[in-house]
Ligand SMILES: Nc1ncnc2c1ncn2[C@@H]1O[C@H](COP(=O)(O)OP(=O)(O)OP(=O)(O)O)[C@@H](O)[C@H]1O
């Protein structure tokens, strides 16, 4: 039975492994876990306790049933129904005696309860087949307590149920030939079932039925073949046959003797070859747990199976079975074997105890119901009709859709009225309705109507909580769902940032832009696991995004060696953007190697263990770059910022890097043509001029919004008016606290290092022996010892980050210790042994 690695690697071990590693963190957690744990079914502890209970119950049943085989006669007068049965459990000796119990001193090794239980199961129910219950309890209990799958629970239950009945009835069948009374061999169930069967179909019928049931079960379980013995071709002469047989026997004996002479040695060798695979298996599993590295864990799994696969597979003996077998490539076979052994790779396993923020952290503002009274609707309708009539525009029909901030009046003009005429009267209509924020949509896309949006006199706030709580959000299958708010017809609006794939956000100061960005970030935090998503946050104002600092070890990405995960300095922004470009290029290389087109396919392949982590493959989280005040950056750095942003926006879609740029000043020198062209999704809060609205949306309208989260979302073709979900700073604070207090990764997600134009970037040609990494020699020895030029080996054994290990391998290449990068294969090791390596290292040291 293969060991299910993923099961081994569940919480318990990991948390133990962590104990030594991060004391301060542990302290925090224990502080948090004051009070008694809640017991619900999902509670891991409750499951373990239940598992333990089942295992102990199995032992109790086993002892009680076994003891029953020897003591049933002594205890019989106590357990039989005629003398009280189960009710005897609580009776005193005197009462028992008066009930006719001959021997109140119970002989069963598990006491009165055991005697009653075993009588119930063995005599009254299923006889000897009752031992199956012990087996079932062990399988389930073991699984729940140790999280190790001995057998499939479904199959165990199904087969046990069948066997319980089958064995009981079969034993009853045979017992019926010896005696005509129920016995603990088959139990009353087996006995009476048999009586019934024999009465209906006779002994022969019952026998046939039992054989049929038994064989059917075997066929279902093992798909056994029924083959008649083959007739051997007739020998030509008897004499020849005898000689031949002798010859064959002699030969076989020789072979056997030879075998014996070899056998001990061979056996030992075989054991040496085969055993370590198994022991490494369990050992490595634990080891990787301590290291907490999902990539190296997957890699160890991979290595093992490569070992296993290279072992000769058992010979196919039955040549005549012409069943069609579909050949799998070696890669696929490897992947299948890995999945079979360890289960699919689970990126969330490293932080398996991570909990998404709860709904209670968010505030419920307002009643959640829209309150627009009919008099307001009526008066607005009359004003619209009057105004239009003043301009000789006849209306056929008018209907209102009430939204949280505005009400949409849809008008069907009388035949012959030109739509452009109404559009031209926009300002006049707004004036006569005396309301700010009127927007005329003529015509309504997809409908033959004209829309007039009129703000409600009492706008309803849309709280983030009310959106997050909806089924639509909870059940969404979007990759990066952002709960933007509600539409004009009061429907929850959720967009997928992964599909957008980048977004420009603009709005004058105080109109809800910062709230909008928080809404986007919080939505994603409610939906994603830290292993699936990383934010790169740029906040030149230094205050807006500072709350997210707390989730650095969970959700933030930063440059290696940086202290602050939230970037406020322009120079660092440029480095980060370029670093993201490198990450993008690396991801493209990985995708190319994996032969897939996008991040989703890549990760699916990785999860199915079809990609070898030895070749640098890793689970790729989405990266969302948020720049809060883009205008500031463009003013100070211009092209230096624009170029990488444009590159990322153009190319990063497939590899899961998405950009959200926000600006107060949506002028053309900030939102340049290049940037605009690559940001099809634009979100506009109220802006101060029509020109600004055109810059951001390519149309007017944003200047006529009413502020406070009233916004327009343009997704290329559509323009949708939305009321942004409101999330206040204290709520964001609570959400980030909730996440920050949980166990996180050792550090933020490390982006590739970007050295800038003047740096050397660790290139081979620039290898300088004086500028070697401190771990250079250790890495060299490791590589030569293993004769395997792999970055991940260095990463794993020396416990280094990916980037540093990558730099060291480049330096090793520069020093001539490993060969150049060879795509999917590990690099060639150019130094054959330790001795040659030490000589080379000496030489390098002399050059210092
Ligand atoms: N979705 C919303 N629903 C209700 N009120 C909102 C909403 N968004 C913003 N507001 C109100 O508007 C105020 C200003 O919002 P916010 O701080 O987001 O503006 P801003 O555009 O980011 O301003 P600045 O650019 O100066 O930071 C908030 O304090 C809140 O009172």
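Cβ atoms are placed via backbone N, Cα and C, with glycine included.
For the ranges 20-40, 83-103, 104-124, 125-145, the feature annotated in TrEMBL as transmembrane segment maps to 125-145. Taking the binding-site residues 509, 511, 514 in turn and counting surrounding C-beta atoms within 10 angstroms, the largest count is reached at 511.
The Cβ of 510 has fewer other Cβ atoms within 10 Å than any other of the binding-site residues 507, 510, 512.
Taking a Cβ cut-off of under 6 Å from any atom of ligand 1, the binding-site residues 508, 509, 512, 513 reduce to 509, 512, 513. Listed in chain order, the extra residues whose Cβ falls within 8 Å of the Cβ center of the ATP site residues 507, 508, 509, 510, 511, 512, 513, 514 are 664, 685, 686, 707. In the structure as shown, the Cβ atom of residue 513 (ATP binding site) sits within 10 Å of 26 other Cβ atoms. For residue 508 (ATP binding site), other Cβ atoms within 10 Å of its Cβ number 21.
Confidence for the domain 'FtsK' (489-694), expressed as mean pLDDT, is 89. In the three-state DSSP scheme, residue 513 (ATP binding site) is classed as helix.
Secondary structure at residue 508 (ATP binding site), as computed by DSSP, is coil.
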